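Asks: Next up is a structure, given as structure tokens.
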Amino acid sequence: MNAPDKLQDLLSLTREPFPASRKVYAEGSEGVRVPMREIALTNGERVTVYDTSGPYTDPLATIDAKLGLPSVRTGWIEARGDTETYAGRNRVALDDGGKHEETARIEALRAQAAALQRTPRRAKAGGNVTQMHYARRGIVTPEMEYVAIRENGKREWMREYLGDAEREARLAGNAKGARIPEIYTPEFVRDEVARGRAIIPANINHPEVEPMAIGRNFGVKINANIGNSAVTSSIEEEVEKLVWAIRWGADNVMDLSTGRNIHTTRDWIVRNSPVPIGTVPIYQALEKVGGIAEDLTWAIYRDTLIEQAEQGVDYFTIHAGVRLPFIHLTANRRTGIVSRGGSILAKWCITHHKENFLYTHFEEICEIMKAYDVSFSLGDGLRPGSASDANDAAQFAELKTLGELTQVAWKHDVQTMIEGPGHVPMHLIQANMDEQIKHCHEAPFYTLGPLTIDIAPGYDHIASAIGAAMIGWMGTAMLCYVTPKEHLGLPDRDDVKQGIIAYKIAAHAADIAKGHPGARARDDAMSKARFEFRWHDQFNLGLDPDTARDYHDETLPKDSSKEAHFCSMCGPKFCSMKITQDVRDYAAAKGLSEEQALADVEQGMAAKSAEFKAQGGELYIPITPVQA
């Protein structure tokens, strides 16, 4: 399907359910209804998996992108009685930056976006409406119950695969210090949020969001970045990228738009997103001053924070750790400061020779965050942009500052996670995790990869997924995906899918290594289907059924090939699984155990060996000519 390029194309976003799948729901209390995806196997089994796609893969759901998604949380928010609606700030043309367009198409999108926007809501005077604030007061919110049900999933189908005590003991994970429960309870979720070890990013102005948790003691999550640039992409294309990203497994999405119509793009994305949305507010603030970093002011930035909080952004990347005293530490780096936000603020600090205004106004930022329940994603503006800059003084000086700011945020009960690198060779990854836990008090870590090598342009999603799997196992709570276009250009729809699949692999590998309950059951179901040559089930249990089916059908396209007990790799005579099945069939026919059958085979082979030796051990036996 081509990316949409007209307003009406927003009515036909990607809606197809996955093959052999349907949306199912686990019910809780107070209207808690958690969606999951059920995969029907050809042997009658039902496998249920975590689902990030929202209502888009539910054929029974009615979706009109011009109206936005239905609310999940409005009733919960209103029932708490600690918020109020208000008129909100007046939208101005500058909100869409200095490069906004005035074409008829954009004006139509902008007008429709104005209708999309809900009446903003905020905490009542002097109030605090964060999930951390509730958690620290012993309140279990519906959002926390939702998370517990979602993390558990439906486990009945797993019993067949997890019942072998010897196997489970042999394959037990190493949690690397994490404390992962066998069963998630709402009380466990509350305690993790209260301690700051987990966050539930859920702005009160984003009632459409399906609550999820980011934390070391939960399943490893992934984030996908979308957003336009000054040179490419449209609003319609970015909304389709959002839907496409969550289809393939993005738990969160960041809108990193830096080009035209930033405000309008964000309206469309937030209102149509069932997953938390993050932004980097400094990008829009920079657009408001015409792209001149030194013209940024606290007043402009503060106004931008409120604007985005009213729209419903769930977490802000804020580069408050890029401090004036640290900038000189980057002077001898091979690649300097590679973070866009970090470089903007470094330039501002050097130009004015003043401390970063995000650092000096941090407590004021906390006041805004707690009025809307926007979570901090404390940005790593001094992250290494190459392997040779990894783990240097600048990176770790900033990390220590982020730990200090975390405690300030927690003083205000503001949920906080910490962003991390970047480019880190494999042997230095553990040190990154150790330093983060040490200085940031177990706040969730959120890393970009890291990329383990620098020589893979076009394949950086692979180079980084290696590092992502490692650091996910070590304790990182969320992995920010990298696409094949990293360092090369703005990713398109296919790049987004490739990046997400690479990172779903990394996150799942980390969950298995950590011993996350039930993580391996889907793999066992796949292995069983593979051994039994149930080709359709193999496709449908995979992370990407479409590609798996296409690859198989390139060489064996006929329907009859889906029943064959071989593939094109080995053919019918050399398939190891077919040979093993033949041994088992022989054993069953003879009334033997599999071990006895193998012993029979070995005995027969020994007899043939003895016969060969008795004949002289010659490979070629002379043949006496027949006399005429």
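From the backbone N, Cα and C atoms, a Cβ is placed for every residue, glycine too.
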Asks: Which of these, Asn205, Asn217, Asn225, Asn228, does Swiss-Prot say binds substrate at the same site as Met254, Tyr283, His319, Ser339, Arg340, Gly341, Asp380, Gly381, Leu382, Arg383, Glu419, Tyr446?
Replies: Asn225
Asks: DSSP three-state call for Gly341 (substrate binding site): helix, strand or coil?
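Replies: In the DSSP reduction, Gly341 (substrate binding site) maps to helix.
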Asks: How far is it from Gly341 (substrate binding site) to His487 (Zn(2+) binding site), counting Cα to Cα, in Å?
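Replies: With distance taken Cα to Cα, His487 (Zn(2+) binding site) is 16 Å from Gly341 (substrate binding site).
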Asks: Check the binding-site residues Tyr283, Tyr446 for other C-beta atoms within 10 angstroms of each C-beta and report the one with the most.
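Replies: Answer by Cβ density within 10 Å: Tyr446.
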Asks: How many Å separate the two farthest-apart Cα atoms among the substrate-binding residues Asn225, Met254, Tyr283, His319, Ser339, Arg340, Gly341, Asp380, Gly381, Leu382, Arg383, Glu419, Tyr446?
Replies: 20
Asks: Return the residues near His423 (Zn(2+) binding site) by Cβ distance under 8 Å, restricted to its own chain and a separation of at least 6 in sequence.
Replies: Arg383, Pro384, Gly385, Ser386, Ala387, Asp389, Ala390, Gly449, Pro450, Leu451, Asp454
Asks: Only counting partners 6 or more residues apart, tell me which same-chain residues put their Cβ under 8 Å from the Cβ of Asn225 (substrate binding site).
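Replies: Result: Val253, Met254, Leu256, Cys480, Tyr481, Pro491.
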